[in-house]
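What follows is a set of notes on a single structure, which appears directly below.
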């Protein structure tokens, strides 16, 4: 039985007449959508561009049709078949064979891909998230380039650096990467697909022409990486260069660096697909996890879990790991599953309300996640890796950590300070005043020393002075209309600060 794709927790018991009605409605919706997509394609005049657009719309229609069928079928997972993964389905990093003398040979067969489709809007920035300054004047992109350059120089190899952009990030990224032209690194870029947003009520596409406004389209999640790699021709380019393996990760995960032991393990085990997982903490209980489903390895996301089993899903005892989205692919195998139409990843219906031509409209975006493809590859399994390989920067709370004395940069790689006790990062929660990078920088112009910090919470209008040290648990709360200025040189240890404290400059 297949792992069902969607918000799963509904029990369906339909009569034959209800099924017949649903099937008829599904057929009509599919037929109408097909006509609309054909109309969109007819608005493209250039023959080559039209062919590429038609291919994209065919892929979208396949996704849309599957969505309709699953919606009518009302399928859900059978929780009785869900088990913790077997030892061979998730291998411990400490047990895999260390890379030996063949490292250079294997590296010559490797390419590195960063998912670069996202904007920096959630952190208050304009343009691709990858160009946000992270540390010492370096952006996410800069750090990635430095890592690959060092790898190529150290082993005398040529590992290409590949960026999967979206239509939101492609133009800005093309301008930025020009500065690397003199560097010893081959940079390849391609775009993930551009799919039409769909009206929730009518199930019709929002755009009326292929060049309709940008807000009428969406990038369909990183599960699109397989088809986009193939359709763009990048996969053929890499294979022609002798590349067989691809390491894929989010560009904002500063821990996702090339690991020779994992590459060696992939080659030695003939794995077509590897997923890096790491141990859950209380902060990660909602993350997707690998399961044994009726004897097969599957990715399970919280949205797929029936409501009565959500707490069990969050259990660290039964499901110890979560997906870091550091993935390793065997390129010829990717080409095979795409060309044979074997991919059938779980669909994530992203329903939202957007502003369109001055009005609010309800839309659906059909997305997929690359981790869900694990069940389509041979010898695919997970590797439980150290936490250091998962260091995402999603918020300014994360940014404070990576800018601090907790970490240092070595050839583009972010490494934890060996003087940090326990080797884990403190828990940092910054309030709404710190949501945007510009506001964060204004309130904390100089990053405090946090080597001995366990927990930091700051809410309200709080300003941190220079050369401040934070230790233990520190909570600073400025209530409405109040402001707290932490003086230069302060040492705060295991304290709670509330109220109003203004420091006047003389």
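Backbone N, Cα and C define each Cβ position, glycine as well.
Of the residues 17, 27, 193, 212, Swiss-Prot records the annotation phosphoserine for 17.
For the annotation phosphoserine, the record in Swiss-Prot points to 15 among the listed residues 15, 139, 344. Record check, Swiss-Prot: UTP site residues include 115, 116, 117, 118, 129, 192, 221, 252, and the candidate from 394, 403, 429 also listed there is 394. In the record from Swiss-Prot, residues 117, 118, 250, 251, 252 bind substrate; the candidate from 222, 265 listed for the same site is 222. Counting residues of the region 'Oligomerization' (455-506) by DSSP class, helix then strand then coil, yields 0 helix, 31 strand, 21 coil. Residue density at residue 252 (substrate binding site): 22 other Cβ atoms are found within 10 A of its Cβ, drawing on all protein chains shown. DSSP gives residue 252 (substrate binding site) a coil state; it is part of no helix or strand. For the recorded positions shown (117, 222, 394), fewest C-beta neighbours within 10 angstroms: 394. Taking the Cβ of residue 115 (UTP binding site) as centre and 10 Å as the limit, one finds 24 other Cβ atoms among all the protein chains shown.
Residue 222 (substrate binding site) has 115 as its nearest neighbour among the recorded positions 115, 129, 394, going by CA to CA distance. Recorded residues residue 250 (substrate binding site) and residue 115 (UTP binding site) have their alpha carbons 5 Å apart, per Cα-Cα distance.
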